[in-house]
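S.K.: Sharing a structure here in structure tokens format.
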Amino acid sequence: MNIHEYQAKELLGRYGASVPKGIVAFSPAEARAAAEKLGGSLWVVKSQIHAGGRGAGRFKNDPGGNGGVRVVKSIDEVAANAEKMLSSVLVTKQTGETGREVRRLYIEEGYRIQRELYIGMLIDRATSRITIMASTEGGMEIEEIAHRSPEKILKISIDPATGAQTFHARQVAYGLGLTGKQIGAATRFILSMYRAFTELDAQIVEINPLVLTDDGDILALDAKMSFDDNALFRHADIEALRDESEEDPAELEAARHSLNYVKLDGNIGCMVNGAGLAMATMDIIKLYGGEPANFLDVGGGATRERVAAAFKLILADSKVEGVLVNIFGGIMRCDVIADGVVAAAREVNLNVPLVVRLEGTNVELGKQILRDSGLPIMSADNLADAAQKVTTAVAQATEGVN
Ligand code: GDP
Ligand code: MN
């Protein structure tokens with residue numbers, strides 16, 4: 001799960017990492033009030049969307065204009081820019097062409113920046129450890145630094161038995177070329193960041209840029225945090241930060257029913273139990289010349305309702321021209337699947353070919369339910385047969401239309 005920059009900064013601040021003062025705003029009037037409250041003579045108006053590259057991004061209705069992060073020198077300018085940015089669609093390298101509507105702004109006190117650094121923490125799957133990554137090339141995307149000058153990325157792997165220690169943090173500080181009191185400040189920052197990462201079950205914490213100001217302070221000018229979905233049950237306060245308007249509606253609906261669903265670009269919807277079988281099903285669809293429309297694992301203990309929800313989710317995708325249900329009934333019973341599929345197919349007026357392959361517990365009962373339903377369901381004996389049937393049926397159906 002991702003959160004907004006202002007939320008990440010609030011969390012990091014709680015752990016003692018230094019962040020600029022700021023106030024979130026949902027309207028130009030709130031933006032003005034925020035700037036007045038912050039005081040000073042320099043403000044930054046920042047679009048809050050769950051995507052990076054905002055500074056270099058452009059608004060759809062103003063392609064020649066300024067980006068999604070604006071440094072301004074008066075309260076009137078804060079309000080005027082807020083007016084333009086709110087409700088406008090921001091397109092960045094990370095949003096894709098459709099962009100994202102800006103619904104919130106973060107109004108921050110502005111700083112005069114001396115140097116921009118990069119610091120990130122993530123879980124390295126290869127070592128099963130948290131890795132700290134740092135670079136003097138702040139402001140640039142880490143992928144770009146890795147591509148252009150990989151030698152400028154410092155990586156430190158943290159042993160979970162000890163956690164991050166002062167010497168790790170100092171190693172980063174020296175690696176970034178910091179001197180004098182900056183070393184102590186950076187060390188405190190890194191240790192706070194690490195504590196936030198581990199205690200909140202984060203997946204990624206990225207500060208880009210971490211800046212040195214004219215006054216010699218170090219602070220996080222940007223912050224990105226994402227969390228391990230499987231640990232959210234123990235962080236109700238983090239779960240409460242979820243912004244559903246930033247999430248894919250279909251994936252959100254899937255999460256509500258505890259379904260593992262990932263939307264893809266193809267035309268054959270898949271409903272499978274078990275992630276491995278779901279992957280294999282997608283592969284075999286491709287082998288027979290089709291393209292999967294989604295990955296969907298209904299899980300082991302699915303109920304009739306959950307199966308029906310999954311089926312409706314697949315059919316809500318307008319690209320879907322055929323559906324393949326592939327269930328191996330181990331814990332999952334084939335009759336439960338059949339009940340769910342029949343109920344959902346009736347409810348949505350199924351009008352695309354549906355191929356069902358059932359095997360395992362209560363398979364005969366499941367097949368009987370499908371036959372008795374009177375619905376035009378094609379039954380398959382094995383996975384290859386199922387894939388062949390669905391791809392052929394889709395090809396015939398689309399030929400008929402053309
Ligand atoms: P991103 O483009 O989505 O990564 O958004 P950032 O929060 O990183 O902002 C983009 C850039 O705006 C930063 O790299 C800075 O160069 C600039 N910026 C942000 N805040 C300030 C500020 O307080 N003062 C100045 N001078 N520049 C800022
Ligand atoms: Mn940034």
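Glycine is treated like the rest: Cβ placed from N, Cα and C.
Remember, TrEMBL labels are computer predictions, not curated facts.
Checked TrEMBL, it gives:
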type: DOMAIN; residues: 9-236; note: domain 'ATP-grasp'
type: BINDING; residues: Lys46, Gly53, Arg54, Gly55, Glu108, Tyr111, Glu116; note: ATP binding site
type: BINDING; residues: Asn208, Asp222; note: Mg(2+) binding site
type: BINDING; residues: Asn273, Gly330, Ile331, Met332; note: substrate binding site
S.K.: Note down the number of other Cβ atoms within 10 Å of the Cβ of Ile331 (substrate binding site), including every protein chain shown.
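M.R.: Neighbour count, Cβ to Cβ under the 10 Å cut-off: 13.
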S.K.: If you draw a 10 Å sphere around the Cβ of Asn208 (Mg(2+) binding site), how many other Cβ atoms fall inside it, taking every protein chain shown into account?
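M.R.: Excluding its own Cβ, the number within 10 Å is 23.
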S.K.: Quick one: of Glu108, Glu116, Asp222, which of the binding-site residues has the smallest count of other CB atoms within 10 A?
M.R.: Glu116
S.K.: Below 8 Å Cβ to Cβ and six or more residues apart, same chain only. Which residues does that give for Gly330 (substrate binding site)?
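M.R.: Correct list: Gly300, Gly360, Thr361.
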S.K.: Would you list, in sequence order, the residues of this chain other than Asn273, Gly330, Ile331, Met332 that have their CB within 8 A of the centroid of the site's CB atoms, where the site is the one recorded for substrate?
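M.R.: Counting only non-site residues, the set is Gly274, Gly300, Gly301, Ala302, Ile327, Phe328, Gly329, Arg333, Gly360, Thr361.
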S.K.: Suppose we screen the binding-site residues Lys46, Gly53, Glu116, Asn208, Asp222, Asn273 by Cβ distance to ligand 2 with a cut-off under 6 Å; which survive, in sequence order?
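M.R.: From Lys46, Gly53, Glu116, Asn208, Asp222, Asn273, counting a Cβ under 6 Å from ligand 2 as near, the near ones are Asn208, Asp222.
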S.K.: Looking only at C-alpha atoms, tell me how far Asn208 (Mg(2+) binding site) is from Glu116 (ATP binding site), rounded to the nearest Å.
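M.R.: Here the two Cα atoms lie 8 Å apart.
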S.K.: Cβ-Cβ under 8 Å from Gly55 (ATP binding site), same chain, 6 or more residues apart: which ones?
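M.R.: In sequence order, Gly67, Gly68, Val69 meet the Cβ cut-off.
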S.K.: Taking ligand 1 as the reference, state which of the binding-site residues Gly55, Asp222, Asn273, Ile331, Met332 have a Cβ closer than 6 Å to one of its atoms.
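M.R.: Once distances to ligand 1 are taken from each Cβ, Gly55, Asp222 fall under 6 Å.
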S.K.: Inside 10 Å of the Cβ of Gly53 (ATP binding site), count up the other Cβ atoms and send me the figure.
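M.R.: Taking every protein chain into account, the count is 16.
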S.K.: Let me know how many other Cβ atoms fall within 10 Å of the Cβ of Met332 (substrate binding site).
M.R.: 20
S.K.: Taking Lys46, Gly53, Arg54, Gly55, Glu108, Tyr111, Glu116 as the record's ATP-binding set, what's the max Cα pairwise distance in Å, rounded to a whole number?
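M.R.: Binding-site diameter by Cα atoms for ATP: 19 Å.
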S.K.: Here's one to test understanding: among the binding-site residues Asp222, Asn273, Ile331, Met332, whose C-alpha is closest in space to the C-alpha of Glu108 (ATP binding site)?
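M.R.: Result: the closest of the binding-site residues to Glu108 (ATP binding site) is Asp222.
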S.K.: Given the binding-site residues Lys46, Arg54, and counting only Cβ atoms in the protein chains shown, which has the most within 10 Å of its Cβ?
M.R.: Lys46
S.K.: For the binding-site residues Tyr111, Asn273, which one has its C-beta crowded by the most other C-beta atoms within 10 angstroms?
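M.R.: The residue with the most neighbouring Cβ atoms within 10 Å is Asn273.
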